[in-house]
């Protein structure tokens with residue numbers, strides 16, 4: 001008890017310190033240093049701290065893309081899987097990589113904080129990378145080479161070793177992804193208008209650094225994998241994770257830390273239980289009668305108070321104090337009475353849900369870059385002179401598009417848009433995401449048109465039943481990669497910003513993970529659509545849309561299907577985006 005009161009007293013003193021005369025010197029958003037003390041603005045955070053975080057993120061992304069960019073080709077060429085099986089395995093694994101962040105987010109928000117969660121999960125990452133490097137290097141761990149087009153299947157043990165390493169990477173990235181970009185955003189004080197503008201730029205440059213890593217992976221690492229060896233091609237990402245760990249720890253003295261607010265899932269359950277218990281109690285018209293702590297800061301550690309809203313009023317009953325509870329002293333039992341801030345946390349998640357759900361279809365479109373775009377490219381002319389372009393390296397143009405678009409967006413589009421909209425960041429996050437969804441429809445339409453052209457040429461040359469590439473240059477794929485990159489700049493960056501800014505303070509890692517979960521579900525949706533389409537179109541012994549020999553299929557139909565789904569998804573998004581109400585802190 002004594003220790004609890006001491007901690008509470010210390011927190012109150014810190015809050016008062018920040019509210020009084022020294023607030024200009026200290027961060028006003030509750031940030032603390034490594035030792036748990038309020039931080040001085042001029043000695044912590046900002047771009048100085050972010051440089052180390054971006055360095056860590058750059059190395060981790062370069063390692064991740066070094067594995068994922070060419071993974072479909074490794075499965076086909078070295079593990080001897082078919083086109084559909086390889087594409088399904090890649091999208092399922094990538095989906096898992098965006099599902100595991102829920103584990104890291106809950107640990108970060110509840111117990112460890114973002115910094116220690118990032119540091120701890122790199123261990124799993126390192127184990128996974130070492131395993132797949134061994135799998136690609138040791139002869140006993142990989143199947144025999146193909147002889148006269150006959151490729152022996154990998155043994156179960158060989159599959160087990162490789163996929164164990166692959167899914168350890170998925171677990172490792174689950175602790176880094178939901179924490180690293182919120183941790184970077186934590187370095188800017190929400191209560192300081194100047195730092196708040198810098199935070200908007202941070203999200204753009206964060207994504208910029210990610211794509212610098214991706215472009216190196218799509219060019220240099222893919223070339224090494226296909227021309228030098230897969231062992232070295234997987235070994236370099238292993239080394240990069242070591243550099244990521246070093247960069248993270250070097251920046252420790254400069255970081256601003258946010259205190260963990262306890263389990264967000266427990267708080268959500270408390271609101272649901274408390275409101276259910278009072279389902280028959282009449283609600284007062286005056287929202288000011290609902291329970292809220294009288295302290296300066298919220299009862300939730302690391303969180304500011306949230307203003308009451310009139311939406312989903314049935315949940316407000318959780319913050320209603322009955323006469324019986326006053327008599328028994330149950331006002332201090334969070335399973336019976338919750339604060340307004342706690343109730344508003346759940347309301348925010350409910351408001352965000354439709355916006356979140358529309359990101360799933362966009363992620364399904366994005367998943368094609370590392371699967372069917374690559375398989376389409378392999379059936380096109382890849383030689384330029386004596387040089388053969390690896391099909392997976394065309395993602396280079398996606399990342400180049402992002403690298404070009406980010407500075408243009410940050411330095412040109414935002415200032416111009418700001419003049420017309422009056423918004424600090426030019427567009428609202430919702431407007432930004434909507435533009436990206438529209439571009440994704442165009443992207444899939446262009447991919448379908450390229451495939452139509454490829455199939456027409458295959459028919460003219462009599463190559464329909466011959467599994468060879470068609471003499472249509474792979475450079476025709478560049479527009480679809482560029483459009484997908486442009487869509488990313490609007491949708492994915494806007495999504496990151498939206499889920500950080502609109503999230504309750506003590507749920508930012510969780511909401512970051514929910515944002516990443518759309519990538520996971522998008523990959524699973526892509527796998528599901530592939531499975532359904534393949535099942536329906538191959539009924540009765542038919543060739544199907546996506547056979548192993550794409551010259552016999554109709555990959556264009558699949559791309560048109562995704563374009564149609566993307567258009568419908570955009571319409572649904574527009575409906576809910578117009579109704580969305582932003583959070584307000586008090």
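In case you wondered, yes, glycine gets a Cβ from its N, Cα and C as well.
What TrEMBL says about this protein:
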TRANSMEM  115-137  transmembrane segment
TRANSMEM  157-181  transmembrane segment
TRANSMEM  202-224  transmembrane segment
TRANSMEM  230-250  transmembrane segment
TRANSMEM  348-367  transmembrane segment
TRANSMEM  387-409  transmembrane segment
TRANSMEM  430-450  transmembrane segment
TRANSMEM  470-493  transmembrane segment
TRANSMEM  514-537  transmembrane segment
TRANSMEM  557-576  transmembrane segment
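If you look at the transmembrane segment (157-181), the same-chain residues 6 or more away from its ends with a CB under 8 A from one of its CBs are 53, 56-57, 60, 64, 67, 79, 93, 96-105, 107-108, 114-115, 117-118, 120-135, 141-143, 203, 206, 496, 500, 509-510, 512-513, 516.
Between the transmembrane segment (514-537) and the transmembrane segment (470-493) there are fewer than 3 Cβ pairs closer than 8 Å, counting only residues 6 or more apart in sequence, so the two stretches are not in contact. Nonlocal intrachain contacts for the transmembrane segment (230-250), taken as residues 6+ away from its ends with a CB within less than 8 angstroms of a stretch CB, comprise 52-53, 55-57, 59-60, 62-64, 66-67, 70, 74, 78, 115, 118-119, 122, 125-126, 129-130, 132-133, 136-137, 221-222, 224. Contacts between the transmembrane segment (348-367) and the transmembrane segment (115-137): absent, as fewer than 3 C-beta pairs lie under 8 angstroms at sequence separation of six or more. Remark: the transmembrane segment (202-224) contacts the transmembrane segment (470-493), by the rule of 3 or more CB pairs under 8 A. The transmembrane segment (470-493) and the transmembrane segment (430-450) are in contact, since at least 3 Cβ pairs between them lie under 8 Å (pairs 6 or more apart in sequence). The transmembrane segment (430-450) and the transmembrane segment (557-576) are in contact, since at least 3 Cβ pairs between them lie under 8 Å (pairs 6 or more apart in sequence). Note on the transmembrane segment (115-137): residues 56, 60, 63, 67, 74, 78, 104, 107-108, 158, 161-162, 164-176, 179-180, 183, 229-231, 233-235, 237-238, 241-242, 244-245, 248-249, 252, 255, 257, 509 of its chain, located 6 or more positions outside it, place their CB under 8 angstroms from a CB of the stretch.
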